[in-house]
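Report on one structure; see the data block that follows.
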Amino acid sequence: METSTLHHSPNFGLIMLPNMNLDIATTYLQYDVYRYFWYTIHTGGGTRMGSFPEIEHVVEVPLLSKATSTTSHNHKGGFRTLPFIIANEAFERLASIGLMPNMILYLTREYGMETAAATNFLLLWSAATNFTPLIAALLADSCVGRYSMIAFGSVTSLLGMVLLWSTTMIPRQTSNQLTNVYNSTSTMQLLILHSSFALMAIGAGGIRSSSLAFGVDQLSMKDKDGNVKESYFGWYYASVTLSILLGLTGVVYIQETIGWKVGFGIPVILMFISTISFFLASPFYVKLETKKNMVSGLAQVIVASYRNRLVQLNQEYGNLTYYHEKDSILLVPSESLRFLNKACMIKDPSQDLKPDGRPLNPWNLCTVDQVEELKALLRVIPIWTAGIMLTVNVSQGSFLVLEASSMDRHITSNFEIPSGSFGTFMIISVVLWVILYDRVLVPAASLILGRPACLGSKQKIGLGLFSSCVSIASLAIVENIRRGIAIDQGYSEQPQAVVNLSALWLLPRQILDGLAEASACIGQNEFFLAELPQSMSSLASTLGGLAMSVGNLAASFVLSGVDGVTGGGGNESWLSSNINKGHYDYYYAFIFSLCIANFGYFIYCSKAYGPCKGNGKYNFK
């Protein structure tokens, strides 16, 4: 057995051709890399690392430089800036969430939209609001920076809300008492309405994509204190949750009791406060320089793989040379999705590398880490797609408002719950389920089993998807009963009439949706963050929002299809604007069938994926 001594310098890494098992090679590499770092720290430089068995070739390549900020910010940032950042997003959420619940009523009653058309409109707006943060995050990281993105988002959101508020003061369906002719909504009025929603979606993307990371930037330039950072995360999420609750209760109540002008004017004031609070601390913010985004690295792998598509991959690693960074523990790519390995394979060092060892063209030659990052992303996509159906189910909340408005919402003789506030119960349910799981179920299970125990990430996703199936089934049953009572009471032609059925029967749906959200969404975040490389953490944190965006689009597609098919030939659509003449119970049953099929799809994908990273003795079996 031959051995070769490897020499290292601070600026160079290795490419090697081992004729040995990949696991053994990785073990040797990890061991010597750790030794090298220890040696460098204690001696001031790296010289001799040690020996690797069965090394055929060694090619030195430079360590890719990492962008750093060259500006000193010792006098900026810190905890003092965080309240302004938190207030900015908290007030934005309060303003935008407060508009959402009753918007279906505003569009149908004030603009005369059909129920299906108005719901589609809101689904598309929700999809845009969840998708724009992804685009904004890429732009903030690679072009404009986080501060500029939040500032742009704040001003844009404020402008959108001002436009929406102005629609409450523009005359719409006015009538002439002599001729009894109605003037429908004009093109200009619709243009203002659509523009307001577009601006709010763009603005929300600018704020939500960068606020959390921008707050971390303020701490990163100071002496890092774990308690401060943990406190920041806690206050951030607590403020957002509180804002959502206030929006679904206080703002909605004002809209229903005082009217649209005041109800839409309150969000304008809140958004104005949000914008001012952010700009007040501008002189004290740390504003980091932008750097190259990882998306370009993933694109380079795809392009390089295609350009090298004719290159043959041999089974023996000893016949191949791969390009990697010095500080990477990956010398060779994995065997899964082998066609991507061509992106990091060195065919001819004299043609692929510069004299200093760098690639001549990064679009022809990538690192092993880049290849493995793309592989990891492709592997999680099937399970990611299974989460889309969860959003399709939750997106039926607009119909829930219509049902609640036609049911008895009284808690006492003098107080009734606003129909738009029923979404609050799902948020409360989310919080309660999280507390119940973390403080009751996990300790109890650990005590019974005699060891620490918890649900794995895929188990949480599965539980959430199953709860979503039961949730929509319960809604179908309640709607069937409600519709039957409405017809028996003679309300077939009166969709706004209140039937003799308590709206509290809608709570099982909300409670189960809360369990689905608490379990599946947390499980998805855990899964993506664990399975994707640490260098892709930002992308991993946006996958959930991207699934929501796609889910809203899918819900719009399903709704349009059902409305078109069932309403053809002069028939009454299942999704008729007259909720008592339509068949929303059939529509919910159809969604239930899709949820069941999706649950089976998830089980298949979960088994095909195999064990997750970190799944072990602490997970339920």
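In case you wondered, yes, glycine gets a Cβ from its N, Cα and C as well.
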With the ranges 90-114, 190-214 to choose from, which does TrEMBL describe as transmembrane segment?
-> 190-214
Range from 121-140, 266-286, 422-449 with most C-beta pairs under 8 A to the transmembrane segment (147-170) | 266-286
Same-chain Cβ contacts of the transmembrane segment (235-254) under 8 Å, 6 or more residues past its ends?
-> 82, 86-87, 89-91, 93-102, 211-212, 215, 262-263, 266-267, 418, 420-421, 423-424, 427-428, 431
Winner by Cβ pairs under 8 Å against the transmembrane segment (422-449), considering only 380-402, 461-478, 586-604 | 380-402
